[in-house]
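A short write-up of the structure that comes next.
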Amino acid sequence: MAVGDIVLGPNQYGKAEVRLVRVTRDTPVHEIEDLTVTTQLRGDFTDCHTTGDNTLVVATDTQKNTVYAYAKEHGVGSPETFLLRLARHFVDDFPQVTGGRFAADQHAWDRIAVDGEPHDHAFVRTGRETRRTVVEVAGDDAWVVSGFTDATVLKSTGSEFWGFPRDRYTTLGETTDRILATSVTAWWRWTGPDVDFEARYPVVRDLLLATFAQVHSLALQHTIFEMGKAVLEACDDVAEVRLSCPNKHHFLVDLEPFGLENPNEVFYAADRPYGLIEATVQREGAAQVPHVWASVPGFV
Ligand SMILES: O=c1[nH]c(=O)c2[nH]c(=O)[nH]c2[nH]1
């Protein structure tokens, strides 16, 4: 092949955002699991792209059907386990599939309370954050990242911001007591695929949010580093943590024109612009896996 010939570069394909609701109804107390699943296969698909020969193409419709059939046959369980099981099927059962990317968002439901009791089969979607996972597979290797988006958190004190450089464009005042609010997007990479994800996910998630609450913040940068550090210190099965946090500014309203004092009580919650603070927290010298992070949405 001569230099300059047109060739196919990296590619993947699959079904995006398969909406799956699995009801477990073995007893009168039903359980629901609600996921949005994306499958993307990688492998020997050159002929399809270059000549239209579909001999090796596992149709995206088949991929979608497999998601539903696997939910019936194997149940869902943790989204991570569900994706690993799907990934192994596509890679092990189709020789042309060498790997892929598999992603799931989990939508949370609570039981509706009736007379103070949780109802057996009626649910309300919670406004909580969305749990997410991405699984990357290449041959026998698998990498799993878990995380969540849109966990909106606020502390009404315990946050300072001062000591920053001042130039002729600086108007921001220094403060030793402000509201700190953000919508946490957090992702962490597990050291391997053999993790009890259902047990470990809430441990990491709760630790991140508890650290947000407990750290006396000198900057949002300071807080998010401490959040990641707390997880790495407590969890041997987590290799690294990535956080993306918009600084949801709360500006003190000037009530002086109305003859009122405002000792950090009345704020204007600004929408835009917002500071966007992002960081990776990792173990020194640890091996990096940039190809996994390249497929995690929402990171620079
Ligand atoms: O926690 C903060 N970090 C910043 O970098 C910054 N910049 C700013 O204007 N406010 C803040 N707050």
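Glycine residues also receive a Cβ, built from the backbone N, Cα and C atoms like all the rest.
Within the same chain, the residues at least 6 positions away from Lys15 (active site, charge relay system) whose Cβ sits under 8 Å from its Cβ are Thr38, Thr39, Thr60, Asp61, Gln63, Lys64, Val67, listed in sequence order. Among the features that TrEMBL reports, active site, charge relay system is placed at Lys15 (among others).
Residues or ranges marked as active site, charge relay system in TrEMBL: Thr60 (among others). Thr60 (active site, charge relay system) has a Cβ environment of 16 other Cβ atoms inside 10 Å.
Taking a C-beta cut-off of under 8 Å and a sequence gap of six or more, His249 (active site, charge relay system) has these contacts in its own chain: Ala269, Ala270, Tyr274, Gly275. Following the DSSP three-state reduction, the secondary structure of His249 (active site, charge relay system) is coil. The active site, charge relay system feature in TrEMBL is assigned to His249 (among others).
Residues annotated as O2 binding site in TrEMBL: Thr60, Asn247. Within 10 Å of the C-beta of Asn247 (O2 binding site) there are 19 other C-beta atoms, taking all protein chains into account.
According to TrEMBL, the urate binding site annotation covers Thr60, Asp61, Phe161, Arg178, Gln221, Asn247. For Phe161 (urate binding site), applying a Cβ distance below 8 Å and a minimum sequence separation of six or more within one chain yields Glu174, Thr175, Arg178, Leu218, Ala219.
The 5-hydroxyisourate binding site annotation in TrEMBL covers Thr60, Asp61, Phe161, Arg178, Gln221, Asn247.
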>> When DSSP is mapped onto helix/strand/coil, what comes out for Phe161 (urate binding site)?
In response: strand
> Do any residues at least six apart in sequence from Gln221 (urate binding site), in the same chain, have a Cβ closer than 8 Å to its Cβ, and if so which, in order?
Replying inline: Ile277, Ala279
> Among all the protein chains here, how many other CB atoms are within 10 A of the CB of Arg178 (urate binding site)?
Replying inline: 23
> Which recorded positions, if any, among Thr60, Asp61, Phe161, His249 have a Cβ under 6 Å from ligand 1, given in order along the chain?
Replying inline: Phe161
